[in-house]
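Comments concern the structure below.
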Amino acid sequence: MTISNKSWRSYFPHLRKLPEDDQYLYSDDTNSSIIAEEELHHSVDKSSKTDVTAETTAVEPHPHNLRHDLPYEVRDEAGRKWWKYFDEFEYRVNKEYKKSRKWYEFLYPNHTTQTKAERRLLYKLDIIIALYFFMLCWSKSVDLNNYTNAYVSNMKEDLNMKGNDYVYTSTIANVGAIVFQLPFMYLLPRFPSHIILPVMDLGWTWFTFACYRANSLAELRAYRFILSAFGAAYYPVSQYILGCWYAPDEINSRVCLFFCGQQLGSVTSGLLQSRIFKSLNGVHGLAGWRWMFLIDAIAISLPTAIIGFFVIPGVPSKCYSLFLTDEEIRIARARNKRNQIKDGVDKSKLAPLWSRKLWKKVFCTPAFWVLVVFDTCSWNNMTAYSGSYTLWLKSNTKYSIAQVNNLSVIPACLGFAYVIFCAFGADLFRCKWIFMVFAAIMNTVSCALLIKWDIPSKAKWYAFFTTYFSVAASPCLWSFINDFLRFDPQVKAITWIAIYSFSQSTYAWIPTLAWPTVESPRFKTGYTVSLIFGAIYGLWTFVVLFFYKRNEKKHALGNGIILYDSNKGEELPEFVKKNMEERDGYYYLKRSS
């Protein structure tokens, strides 16, 4: 049913059933029994029962799991150069894709199977998904940063906050987010995201509103705990959805919008708090910081929740979108098949959450632990969100409260440029790791300067202005996680939540030890901890790259690459000789196959 239908269902999100759904959806992932694994040196995911090209034409799958619409590169691994280790897409795409891709089309990468219809789909996705998550992250960031701005705008004095009360309150809020993420291991693959996120956002809105009436520290902590519990879903669920719609060389720039929303929240929170404090402080007997919580809830968070219900599309295999046509849904599914992204599993085929086999698939995979370390380092090297810069400004008596709020937005404004540089650069050059290492280097230099502290004023301002490099490469990190986990939706949901919960749990207690408010404004311990995690983050990038390359090599056939190594006495696989023909340097299935 399309939006042109005038029944009531046309105006509310509903499951879009296509005629071929009974055949398309939820095929099992099994390895082909025809091609031996040792011959190919990779595992092959079983294709679903019908294939849809970008032209939305059905093609019967080949019994060897080879596709009629894909040119294959036969690659002899003999003599492989050492520097190929640093080629992130070595096994992710074949040379035909690399040649057809024009550098200036990195936002909408060119491929011979792409059509104008596919580009139109991407334009729509950028509007209804990427921009919505930009708005969602902005909404959340405004509130999270509002806590810091409220603290320096007399909330500290009004609620009699002393010593480390500021950081302890943040820790309590983090605990709420961590604990209430865990149920989404069960909910995410089973319930539509266009219901999950808006419902959680409504809870977030209510308790943001409640913060305005907090009359004691204990009351504020209770509200922040419950508020964070309702915000537990939006990070992992949003990334889960983005990973189901975008290809690996498209997703960095879209996740970039998510993080730009975060930076915009930092900017607008400071500016709004400054303006509200100046204009509304004392109006109707309410302090300026209380007005900010009221405005945040009613004018920002509530509209975001309502809009989300209508624009979040679900995933291609279970699409609820009002704005995508049937043909665009088919194209999205074909793109996922082309990129080996499995986005849906029938509920009846989901393993029970307590299944030992399921948890073994999660925890006994080396990539899980590699990504846990990676994300933990990412969380704990974040000087950008420590509040240290704002507290340093407040400690300088020459700045008024309004000036502190205005100046506090400068690093976040620069953060826009840093995030865009890393994310768009990663898509442009198809190379995430180099931008992650660069950001880690910049962050460690910033931390080193702030550890020394007694440095020229210009050097200190430079150090504070580069703190947002600690989050600049986060889109690249999350894109790595999405690409690692694209083969199994249930494992992806559990792994995303597990990685995120573990990493965030360390962020619940490490900042308490590393950034005690009593050390303000110098925070020598905090900058030292951030430097250590930042250095490990940069070095660990190469470990992640190793496991990523190993994983993609196993799935090279699905990416259009047939591998063998003549140095090991291997020959061209027999199925290539029997079932394929060479044309213009590539191998295609014979038309009779």
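Quick reminder: no glycine exception, Cβ is built from N, Cα and C everywhere.
Among the features that Swiss-Prot reports, phosphoserine is placed at Ser32 (among others), with the record citing a large-scale study or a structure entry.
The phosphoserine annotation in Swiss-Prot covers Ser33 (among others).
According to Swiss-Prot, the feature phosphoserine maps to Ser43 (among others), an assignment based on a large-scale study or a structure entry.
According to Swiss-Prot, the feature topological domain 'Extracellular' maps to 1-121 (among others).
Under the heading topological domain 'Cytoplasmic', Swiss-Prot lists 143-166 (among others). Within its own chain, the topological domain 'Cytoplasmic' (143-166) has Cβ neighbours under 8 Å at 204, 208, 214-217, 220, 224, 227, 265-266, 269-270, 272-273, 277, 287-289, 292-293, 296, 300-301, 387, 390-391, 394, 401, 404-405, 408, 512, 516-518, counting only residues six or more beyond its boundaries.
Summarised by DSSP class, the composition of the topological domain 'Cytoplasmic' (212-224) is 8 helix, 0 strand, 5 coil. According to Swiss-Prot, the topological domain 'Cytoplasmic' annotation covers 212-224 (among others), on the basis of sequence analysis.
Swiss-Prot lists 246-291 (among others) with the feature topological domain 'Extracellular', giving sequence analysis as the kind of evidence.
Taken from Swiss-Prot, the feature topological domain 'Cytoplasmic' covers 313-361 (among others), and the record attributes it to sequence analysis.
Taken from Swiss-Prot, the feature topological domain 'Extracellular' applies to 383-408 (among others), supported by sequence analysis. Across the topological domain 'Extracellular' (383-408), the prediction's mean pLDDT works out to 81.
The feature topological domain 'Extracellular' is assigned by Swiss-Prot to 454-460 (among others), with sequence analysis given as support. Through the fold, the topological domain 'Extracellular' (454-460) approaches none of its own chain's residues that are at least 6 residues removed from its boundaries at a Cβ separation under 8 Å.
Outside the topological domain 'Cytoplasmic' (482-492) by six or more residues, the chain places 29, 45, 189, 239-240, 242-243, 248, 251, 315, 339-345, 350-351, 358, 361-362, 367, 371, 547-548, 551, 555 with a CB less than 8 A from a CB of the stretch. Per Swiss-Prot, the feature topological domain 'Cytoplasmic' maps to 482-492 (among others).
Annotation source Swiss-Prot lists topological domain 'Extracellular' at 514-526 (among others), citing sequence analysis. Below 8 angstroms of C-beta separation, residues 163-167, 383, 386-388, 391-392, 394-395, 450-451, 453 of the same chain, each at least six residues beyond the ends of the topological domain 'Extracellular' (514-526), sit close to that stretch.
Here Swiss-Prot flags 548-593 (among others) as topological domain 'Cytoplasmic'.
When Cβ-Cβ distances below 8 Å are used as the criterion, the transmembrane segment (122-142) is approached by residues 108, 197, 201, 204, 231, 234, 238, 241-242, 245-246, 250, 254, 257-266, 268-269, 272, 296, 300-301, 304, 307-308, 311-313, 321, 323-324, 328 of the same chain, each at least six residues removed from its ends. Annotated transmembrane segment per Swiss-Prot: 122-142 (among others), in sequence order, evidence recorded as sequence analysis.
Within the chain, the transmembrane segment (167-187) has long-range Cβ neighbours (under 8 A, six or more residues past its boundaries) at 147, 161, 196, 217, 220-221, 224-233, 236-237, 353, 493-494, 497-498, 500-501, 504-505, 507-509, 511-512, 515-517. The transmembrane segment feature in Swiss-Prot is assigned to 167-187 (among others); the stated evidence is sequence analysis.
Nonlocal intrachain contacts for the transmembrane segment (191-211), taken as residues 6+ away from its ends with a CB within less than 8 angstroms of a stretch CB, comprise 13, 15, 136, 139-140, 143, 184, 220, 223-224, 226-227, 229-234, 237-238, 240-241, 293-294, 296-298, 301-302, 304-306, 308-315, 318, 320. Sequence annotations record features per position, and here Swiss-Prot assigns transmembrane segment to 191-211 (among others).
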- Ranked by Cβ pairs within a distance under 8 Å of the transmembrane segment (362-382), the first of 409-429, 461-481, 493-513 is 493-513
- Message: Taking contact to mean 3 or more CB pairs closer than 8 A (sequence separation of 6 or more), are the transmembrane segment (225-245) and the transmembrane segment (493-513) in contact?
- Response: yes
- Query: So what's near the transmembrane segment (433-453) in sequence-distant terms, Cβ-Cβ under 8 Å and 6+ beyond its ends?
  - Reply: 86, 88, 381, 383, 388, 418, 421-423, 425-426, 459-460, 462-464, 466-467, 469-470, 472-473, 476-477, 522-524, 527-528, 530-531, 534-535, 537-538, 541-542, 544-545
- Who are the chain neighbours of the topological domain 'Cytoplasmic' (212-224) in space, where the CB to CB distance is under 8 Å and they lie at least 6 residues beyond its ends? 147, 159-161, 165, 169, 172-173, 176, 286, 290-291, 293-294, 297
- Recorded stretch, among 292-312, 409-429, 461-481, maximising Cβ pairs under 8 Å relative to the transmembrane segment (527-547): 461-481
- Task: Could you tell me how many residues in the topological domain 'Cytoplasmic' (548-593) are helical, how many are strand and how many are coil under DSSP?
- Result: 19 helix, 12 strand, 15 coil
- Task: Mind checking which residues of the chain, 6+ beyond the ends of the topological domain 'Extracellular' (383-408), have their Cβ under 8 Å from one of its Cβ atoms?
- Result: 148-149, 151-154, 166, 270-271, 273-274, 277-278, 415, 443, 446-447, 450, 464, 467-468, 470-471, 511, 515, 517, 520-521, 523, 526-527, 530
